[in-house]
């Protein structure tokens, strides 16, 4: 009985995850206490960061919330950080949590409009290079004024819509019914090749869109949370921020868009896959049927969604309230004026975002450990000890490396605080202070596309509903982001070092 009970516990632990994965998590949990007590808390802290990155990298084996959560519970018990420090980190990042709770749900209620608009774009543009460029540019443009997570949620919603329509039709189901589309077992063998090609096609568009959020987000005061933080510390307004950062952001934006076209033309790094003709036909038929069968109530609903989208853009651009609260406004407007009053239908809108919201809390616990154990402090002190002319370039590199494994806002906060203290104490001129602030801003935004945990939008994409459907793993995201990382990182470093 005891043997079977032990087997049951072992089987239940992390569910269907591979045995080697379960053994790895157990090994991590056994390794951390001796490291903490026998070596040093800092060594255990760095080990924890690496272990958490491992759980993110294996997201398709097991959702990172469970193994990452176990590691962070242990970190709290050991004293690597405190519940109060975690709470303070959550309060500091509460706008992001609000955004995930309400904005992503708000986008869910706009999915009919998004599917309508994106299907026109997808079916109307036959050149894959032009389509990739449009996705990248539109994401960059929107992210300069809206939040990157909001833009990513829009792209994910559209991709899930396309995938579900084709998968249901290919499986012999009604595309308008809520049938499962994650299981390929009902799919006839003749559709498998088309589905694999369609997955590769969607992967490339998703990655172009995700990189676009970073290209546009770096440009303006409202593009990323850390931009607002740095702008506040420097006393820069919208126009000031744009003009100060432009010598770096504009060349990088142009280079990023050129990279997008070249990747599609050369078909490198998993890009260049075309939309299969059979899939195009299915989507075109669906769009035509939708147009023919659309009732006056459905047209009215589309109109309401369009007006809500307009209100959303204006409200975000003018910053009338926190992003999450604007998302709640969108939910209220669309549901009230389209007749969605059933609690179950409302609940479906929150299903996708809540697991990621919980995972983000675990991520902020890692940030709290980094902060409390001062894991980044030696690197910061080393950069500020360099000659003044070397500091901008090295600050860009240091920011990029740390932002690739940690939270952008956290890294920017630490660096701008340290640099401002040095400025106040008379260690540098105002001009040099501004140059370093630009290096911090661009360093936290551009090279951090290297890994999914470097950008919140990338992490959201990795752990979203679309990632397992199109086989977008951590490793594949790193590989597909690599050319962008090299171009954006090298040009960004050169611009910071020689053009400011």
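The backbone N, Cα and C atoms fix where each Cβ goes, and this holds for glycine too.
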Name the residue range among 34-54, 181-201 that Swiss-Prot annotates as transmembrane segment.
34-54
Of the residue ranges 3-23, 129-149, the one that Swiss-Prot records as transmembrane segment:
129-149
When you get a sec, could you say which of 394-414, 415-435 is annotated transmembrane segment by Swiss-Prot?
394-414
Rank 150-170, 241-261, 350-370 by Cβ pairs under 8 Å to the transmembrane segment (311-331) and hand me the top one.
150-170
With pairs restricted to those 6 or more apart in sequence, evaluate whether the transmembrane segment (477-497) and the transmembrane segment (150-170) have 3+ C-beta pairs under 8 Å.
no
Where among 34-54, 62-82, 150-170, 205-225, 350-370 do we find the most Cβ pairs under 8 Å to the transmembrane segment (90-110)?
350-370
Chain residues in Cβ proximity to the transmembrane segment (350-370) (below 8 Å; excluding those fewer than six residues from its ends, i.e. six or more beyond):
45, 48-49, 52, 63-65, 68-69, 72, 75-76, 80-82, 85-86, 88-90, 93, 96-97, 100-101, 104-105, 108, 376, 406-407, 410, 453, 456, 459-460, 463-465
